[in-house]
Amino acid sequence: MRIILLGAPGAGKGTQAQNIMKKFGIPQISTGDMLRAAVKAGSPLGLKVKEVMATGGLVSDETIIALVKDRIKEDDCANGFLFDGFPRTIPQAEALREAGVKIDHVVEIAVDDQEIIKRLSGRRVHEASGRVYHVDYNPPKVEGKDDVTGEPLVQREDDKEETVRKRLEVYHSQTAPLVDYYRSWAEKDADAAPEYLRVEGVGSVDEIRDRVFTGLQK
């Protein structure tokens, strides 16, 4: 089972990725982890990556595809893999296709922007313990205070509405076009293209998990 998982920040991809990995016995592959591992290993490719990252540059798609091809040859990918955060752009998706990397399913966890803004901007955190609350879905007993210590809760910078809106803008301009790319490829050439699966990302974690599994096991 070779899967690409797509969805906006706050759509619940992380939770569903864990469910998919457990169910199908496949590793989650993120480009960040691959880049760090290559640098640590000190391979020729890793040294190249280190050089680019040291100057604050962007690692080329060609280098990332080379890393992907090496990574999926490893033993833990015998049953497949789950790509998280890759591909991010249509050129990366095309490079993956041209490199002959076979993908079985592209899963999109679909949640509308207003719901994501509500989910993320409503989060409150107790910094010392890491306890997370939500003003609507999981409120503290006393507004703005941690249940255990009574200390004040904070809203992380990443969860502020303005920041969430900016992150969504980036997603819509860069990654959302991938949905159209894979959908249209599946319509034109169903035999060669990955199966495109759109899963409604609103509901309980278990409901969404069941939708994902049902779609993948059709």
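Numbers run from 1 along the shown chain.
Quick reminder: no glycine exception, Cβ is built from N, Cα and C everywhere.
Residues 30-59 are the range that Swiss-Prot records as region 'NMP', among 30-59, 90-119. The annotation in Swiss-Prot ties Gly10, Ala11, Gly12, Lys13, Gly14, Thr15, Val132, Tyr133, Gly203 to ATP, and of the candidates under consideration, Arg123, Arg183, the one tied to the same site is Arg123. The list of residues near the region 'NMP' (30-59) in space but at least 6 beyond its ends in sequence, with Cβ under 8 angstroms from a Cβ of it, reads 66-68, 70-71, 83-86. In the three-state DSSP reading, Phe86 (AMP binding site) counts as coil.
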